[in-house]
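Record features, source Swiss-Prot:
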- HIS113: active site (ACT_SITE)
- LYS115: active site (ACT_SITE)
- ASP120: active site (ACT_SITE)
- HIS290: active site (ACT_SITE)
- LYS292: active site (ACT_SITE)
- ASP297: active site (ACT_SITE)
- 108-135: domain 'PLD phosphodiesterase 1' (DOMAIN)
- 285-312: domain 'PLD phosphodiesterase 2' (DOMAIN)
- 390-413: region 'Disordered' (REGION)
Amino acid sequence: MKCSWREGNKIQLLENGEQYYPAVFKAIGEAQERIILETFIWFEDDVGKQLHAALLAAAQRGVKAEVLLDGYGSPDLSDEFVNELTAAGVVFRYYDPRPRLFGMRTNVFRRMHRKIVVIDARIAFIGGLNYSAEHMSSYGPEAKQDYAVRLEGPIVEDILQFELENLPGQSAARRWWRRHHKAEENRQPGEAQVLLVWRDNEEHRDDIERHYLKMLTQARREVIIANAYFFPGYRFLHALRKAARRGVRIKLIIQGEPDMPIVRVGARLLYNYLVKGGVQVFEYRRRPLHGKVALMDDHWATVGSSNLDPLSLSLNLEANVIIHDRNFNQTLRDNLNGIIAADCQQVDETMLPKRTWWNLTKSVLAFHFLRHFPALVGWLPAHTPRLAQVGPPAQPTMETQDRVETENTGVKP
């Protein structure tokens, strides 16, 4: 497999579960040959049960279905829930599951964080949505704001090949092409062009971040980044300020109502640096932000699973698509500017932490801990992640008519 820009694709932006889940379930319902689904979280709630029903129906009509769940993100599916799928023929794997220690999950680092669906080499979905009711507006104030894309065209074959190369037993072939192939330069940006990029812990450790940095270097007019967990490294922060100082309008949308308090603490450590450097920072206040999208000028955009924090940039398995398409760029721009106008508060100097020695000391210590601890973990020796396949449930012993007659009469057959 070679990473390259693919032309002639159909690209559709999907916002939140209201748009994403019906599109995915419809595609699964129309699948004829193969379904591959990867996700970090699958809950046994209303949304999870709909996915369960769609996959079960597909398997029962003869479609080959394979599921990869992260062992940390999805630890609590019931045996009955999973066994019903495996009994129907669904190949069900957990990425690097570990036993709990005193009831707590310990396998927090190097997770499989991708969210990908491939249907028959015809349709693919990639983005930030998991399978849980948290992505539906009906969930309430804690419902997540998120994005994905539906793709048709040549890029789907690349995504399918990426998935096939990552199945068990393909490691030798995978290492050969990963060692030699990097994404080539798109020297003639056009329309409906898509590139698959990913992060792993082998030869593609910084591919997604590298595309972001290149985008910031090439930006001429405007960059909008909406990212749920924003805590990048020095190079990224420096590139943001440098772009702002040469006149690029930089809009950064981050969580104002985070699902984890430390997310807000981490982001606010950067406010002085960013705002005083000319970056427009907006806190999204309507509900928790879970999206991972960005755009540049009038043609470049990205959507995927990668946050801009140490876990995504240094440890987790992630996947994004880079898109060159003016129509898609405008659609995403309209959406992001809409939530800025309706649901965001711009961070101004009155909201910045006071520049005291104590605050500066706290910020420096917290920044270095939050930023470097996960990265340091990434350099520690790591075991080879294990893919644990869940086998079909054992079939009950069949009661033959002879056995029944023997029990009823007491006579041996």
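Each residue's number is its place along the chain shown, starting with 1.
A Cβ is built for glycine as well, from the same backbone N, Cα and C atoms used for every other residue.
Features per Swiss-Prot, on structure.
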residue: HIS113; record: active site; DSSP class: coil
residue: ASP120; record: active site; DSSP class: coil
residue: HIS290; record: active site; DSSP class: coil
residue: ASP297; record: active site; DSSP class: coil
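Beyond the ends of the domain 'PLD phosphodiesterase 2' (285-312), by six or more residues, the same chain brings 13, 40, 109, 111, 113-115, 126-129, 135, 141-149, 189, 197, 199, 208, 211-212, 215-216, 218-233, 236, 253-259, 266, 318-326, 328-330, 332-333, 336, 339, 342-345, 370-375 to within a C-beta distance below 8 angstroms of the stretch.
Neighbour count (other Cβ atoms within 10 Å of the Cβ, all protein chains): 25 for LYS115 (active site).
Counted within 10 Å of its Cβ, the other Cβ atoms near HIS113 (active site) come to 27, all protein chains included. Cβ-based neighbour count (10 Å, all protein chains) for ASP120 (active site) stands at 15. Straight-line distance linking the Cα atoms of LYS115 (active site) and LYS292 (active site), rounded to a whole number, equals 12 Å. With respect to their backbone Cα atoms, LYS292 (active site) and ASP120 (active site) stand 26 Å from each other.
Of the recorded residues, ASP120 (active site) and HIS113 (active site) place their C-alpha atoms 23 Å from one another. If you measure from the Cα atom of HIS290 (active site) to that of HIS113 (active site), you get 13 Å.
Between the active-site residues HIS290, LYS292, the minimum number of other C-beta atoms within 10 Å of a residue's C-beta occurs at HIS290. HIS113 (active site) sits 28 Å from ASP297 (active site), taking the Cα positions as reference.
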